[in-house]
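First comes the structure, then the notes that go with it.
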There are 4 protein chains.
Amino acid sequence: MKRIGVLTSGGDAPGMNAAVRAVVRAATHLGMEVVGIRRGFQGLYQGDMRLLGPRDVANTIQRGGTILLTARSEVWRTPEGRAEGARHLREWGIDGLVVIGGDGSFHGAHFLSQEHGVKVIGVPGTIDNDLYGTDHTIGYFTAVETALAAVDKLRDTAASHERIFVVEVMGRHAGHIALDVAVAGGAEEVFLPEEDMPVTSVVDVINESVKKGKASSIIIVAEGYPGGAMAVSKAINEGTGLETRVSILGHIQRGGTPVSSDRILASRLGEAAVQALADDVSGVMVGRNNGIIAFTPLEETWARRKEISRDLYRCAKTLSV
Amino acid sequence: MKRIGVLTSGGDAPGMNAAVRAVVRAATHLGMEVVGIRRGFQGLYQGDMRLLGPRDVANTIQRGGTILLTARSEVWRTPEGRAEGARHLREWGIDGLVVIGGDGSFHGAHFLSQEHGVKVIGVPGTIDNDLYGTDHTIGYFTAVETALAAVDKLRDTAASHERIFVVEVMGRHAGHIALDVAVAGGAEEVFLPEEDMPVTSVVDVINESVKKGKASSIIIVAEGYPGGAMAVSKAINEGTGLETRVSILGHIQRGGTPVSSDRILASRLGEAAVQALADDVSGVMVGRNNGIIAFTPLEETWARRKEISRDLYRCAKTLSV
Amino acid sequence: MKRIGVLTSGGDAPGMNAAVRAVVRAATHLGMEVVGIRRGFQGLYQGDMRLLGPRDVANTIQRGGTILLTARSEVWRTPEGRAEGARHLREWGIDGLVVIGGDGSFHGAHFLSQEHGVKVIGVPGTIDNDLYGTDHTIGYFTAVETALAAVDKLRDTAASHERIFVVEVMGRHAGHIALDVAVAGGAEEVFLPEEDMPVTSVVDVINESVKKGKASSIIIVAEGYPGGAMAVSKAINEGTGLETRVSILGHIQRGGTPVSSDRILASRLGEAAVQALADDVSGVMVGRNNGIIAFTPLEETWARRKEISRDLYRCAKTLSV
Amino acid sequence: MKRIGVLTSGGDAPGMNAAVRAVVRAATHLGMEVVGIRRGFQGLYQGDMRLLGPRDVANTIQRGGTILLTARSEVWRTPEGRAEGARHLREWGIDGLVVIGGDGSFHGAHFLSQEHGVKVIGVPGTIDNDLYGTDHTIGYFTAVETALAAVDKLRDTAASHERIFVVEVMGRHAGHIALDVAVAGGAEEVFLPEEDMPVTSVVDVINESVKKGKASSIIIVAEGYPGGAMAVSKAINEGTGLETRVSILGHIQRGGTPVSSDRILASRLGEAAVQALADDVSGVMVGRNNGIIAFTPLEETWARRKEISRDLYRCAKTLSV
């Protein structure tokens, strides 16, 4: 393997630049060249790419977003689009491709590999942490920290006004962010897409809180819980007559300087992805499980569900007494 | 003057604790006692108060929210409610009262003073910076910083995806936060309640941006601009066909560790408020103008409008080229 | 088990309050009472303790330092001192003790257990991450983040002035913080107590950097590396003639709001410690390995050495090309 | 005026990039071109310069350090060096020069102007805030915030261990940072170069603190106070027998994302500098006093001393009771 490509795709996640940097530098270390492809698969389709050396990624490890940019690509959903992308890879003499992104991106990589025999390695870059085959995804730790900082600020106001805040955090299909934020933020309750918990159960939580003398409450709701924070707020209002404040944190959770855990994970996975290509591995995502680098077939990363931690969920309940 | 009271009222603002601390310590320095009244005027009505010594406010200068709590008080809008509050002040032997809050709180203080001859001094504590008679209000600097940090994060995503973000910041009647955030955040445009700017003007801004090669845009909208961020987003979509992302930052802007400027302002104003009571001054707000402590009759603080800086507004326009 | 005690001991670490909170609330959940002992073993010797309920630990999860205080105790090194402590535990009807701290604290707990049959559970609270039996210690993640934020700031200056910075981070006997900070901070080299690396090797690193066109360099040195940052700085100056700036981060690494990972770890371990006492376990530290709660005899926690990650060390080298 | 130059010089300060951006965009707005000169006067001597357009400074407003780099220049101290620089300015058709830096940089600009008739405008960029003619310098607010965040962290440890911390902050000749940090950090005492306060006076402060029941103390010392933090620490130890911890914050105070106040100040001053050149003004520093743009002859900026605020100094003393 002489030359590899790298792209970021899907929603941006903090630490993507650290992963790109690791890919470039690990490849350099192994004597390989790296081509950076801009705007994900859309840029691959359009041939928007250029060589990246180790100095090109200097001082990027701490940057949020992605210097390679990212974009949606409708054309990539078509065999013609992917054929055009494969053609660009051949033209540039690219032997393998590192795709940094989430499950949608891995689908795109999978088809490219299947249809055109391109060697691909996926690197999990998404704040949602919803990929099977890795304990954590790049960006997840930073998203949790950003959401937690917001919850800390809201608690100042909640405590001062003795109010109830219902806070919606990101996670369309997964409650990982919500659960971590609930435990770390000392929330009174958490609503997850993974749990079949009726929204009205919040009424007991609030009544119980009031009885215990809690003057304020923070309720965390994952974006993917049916109805989101608005539904929980409505249930509280209807069931207790108490007013709530709703806060939907939104896109701020995607940005910002990545925290150390995301940078370290990105560094490890970026390096491992290049090593995997050098070892002629393809069609897998590189992840880290229990501290060990592990490979999972791309199809499994989206087909199998990564469960939330039952222990942590129980812990959240216990400590909200 | 032997004993004074202090309360926080209205929306909480970062730095309120620094102001309470300054009141307690400045009073101690002058040989006066301080009674802390909880939950604002509601607590004064209910007689929820206790003596505060210098050690009671140790390690509070950096805390968000207010350790004295704050609450709405319907009963305080009635003469009977205020009479009851005045009775509690007499019972406790309180000769003067420091009220930390915004214009609603100053109304409450004004009536108490008019009806019962209680000596009152207002200290401007509100993130909105909308009080006449002081260049800045306590909490304002921190709110700007919090909003700016969010804008920086959104810019990471905006730049990575080449997207337009419309960000709504607090300020129901005033655009001070919005203007500062727009300049400091390098925003492409800002919509303020003070400016009679049609929402459709954003269409030209975006078209101009695109023409100049800007791949992403951040538009700041003050809460008090008619229709808020949603109206601006709609105008962009209808006028350019481009998609936008809306982010309404909300209550996180109220919380958090106060930045140095808020702590210093709170320290100066809290001290000056006590000195004013010691000097038999009453019925005024203590503020800081051009670095100098200044007093303004309470009625003027809400009757007169504090203008936004025309120079800064022009600067925002110039630098968004 | 009806009533347990909890104390924090040794150097303070961010997340200790989250651990105390978890102990109190998990005990409440199991119907046990908790006595908070102030100033560590010194306070136990002096009988400085009081009951703690779930509301006493409200709003403490985000606080740095330890609300129970901590102190050195010379008297605890004597059998008489420990006998006095054991007497206080009996007087208060305390059946088991949770000790949050590092290896020195675990020694103290071990002797108390051996000599007086007191049931003890250790909870690893130290920023150094140098305890065998747990992947991470409480406070470690925050210390890394604080040091990393400082390195990011120094890099701004290093890059602007094209300078070499030598940064010393905490870790008297262990290089965990240094290694993580080096990888996450994109450092050019890292010196650890665990590695037998001559200080003069830095000369080649700097010469190599200059040759590659790196205009600035950051070198991370663990406190426990012989000679620390000063020795490395001297070696650079003597071997290359280049000037360096030295930054010794020091105690700031101990403080601050704990990051989510520390709060979550503290919550899990505090809960597990209480459960262990309820299950009649004693003489062990509760840790988390590969996400699973695990117990290690107290003597092993200090007798066996926790190795740094070889993979991560290699990764640091690879990515600094 | 058709084309102007801009450079950053001396120690880097957060907000320098915001100033460069403002210069570039304000010039564009007025139809002028901008040449960015790298590495300050050294780069001007070497002719290291290129045209900068509005897009070149996109997404730089939030960056620490300076994208134009900065360097010491021995050759600039010689008439020959400056003649060479003037020659490069003529070659490039540059009619005026904006110099962003501190008093050393303004000296360099002054000589260039005197000897070669080059029109120069100074923009105050230094964390020390020690330039006469402007209430604040660009970078000052961020440096205070960084130092304050460190003090907050140290207080966590100080309070947990009931210890005394002596913290040295930057300011070789000026105590502005120290005074602000002392007030905002709630320090027990502050030592400034401007005050003729014997180091032994700290003994009374500590004894008084202990008597009042303060368990921990934070003492702030400006770098420029004779002997710095070490001298104060020694005095405490010798006069009270108590141990202290010393923390010298150092270069971290130079780096980091600029806070809003520095970005806004930089935006205003950068714009005003360009306008001044367009108005044929030269030989002055542009500053902001009481919110108003003001010009001061360059020689006055270093010849006259900017005093610290006596009111704030008194306030610091009063509130440390």
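Every residue gets a Cβ built from N, Cα and C, even glycine.
Please treat TrEMBL annotations as automatic predictions, because they have not gone through curation.
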Inset, instruction - Look at the ADP binding annotation in TrEMBL, where A:R21, A:A22, A:V23, A:V24, A:R25, A:G186, A:A187, A:E188, A:K212, A:K214, A:A215, A:S216 are given, and name the residue from A:R72, A:R77, A:R155, A:R254 listed for that site too. - result: A:R155
Inset, instruction - Name the one residue among A:G11, A:G15, A:G31, A:G36 that TrEMBL lists for the same ATP site as A:R72, A:S73, A:G102, A:D103, A:G104, A:S105. - result: A:G11
Inset, instruction - Could you measure between A:S105 (ATP binding site) and A:E188 (ADP binding site) for me? Cα positions, answer in whole angstrom. - result: 36
Inset, instruction - With A:G102 (ATP binding site) as the reference Cα, tell me which of the binding-site residues A:T126, A:E188, A:I252 is the closest one. - result: A:T126
Legend entry - Cβ-based proximity (under 8 Å) of the binding-site residues A:R25, A:M170, A:G186, A:R245, A:R254 to chain B, or none: A:R245, A:R254
Legend entry - Mean of the pLDDT scores, which run from 0 to 100, over the domain 'Phosphofructokinase' (A:3-277): 97
Inset, instruction - Rounded to the nearest Å, what's the C-alpha distance separating A:G11 (ATP binding site) and A:M170 (substrate binding site)? Just drop the number here, would you? - result: 12
Inset, instruction - Give the three-state DSSP assignment (helix, strand or coil) for A:M170 (substrate binding site). - result: coil
Legend entry - Chain-internal residues near A:E188 (ADP binding site), provided their CB is under 8 angstroms and they sit 6+ positions away: A:V205, A:I206, A:S209, A:K214, A:S217, A:I218, A:I219, A:S320
Legend entry - Site with most surrounding Cβ atoms, counting all protein chains shown within 10 Å, from the binding-site residues A:R25, A:R72, A:R172: A:R25
Inset, instruction - For the ATP site as recorded (A:G11, A:R72, A:S73, A:G102, A:D103, A:G104, A:S105), determine the largest distance between any two Cα atoms, in Å, rounded to the nearest integer. - result: 14
Inset, instruction - Check A:R245 (substrate binding site) against DSSP and tell me helix, strand or coil, would you? - result: strand
Legend entry - Members of the binding-site residues set A:D103, A:M170, A:R172, A:I252, A:R254 whose C-beta sits under 8 angstroms from chain D: none
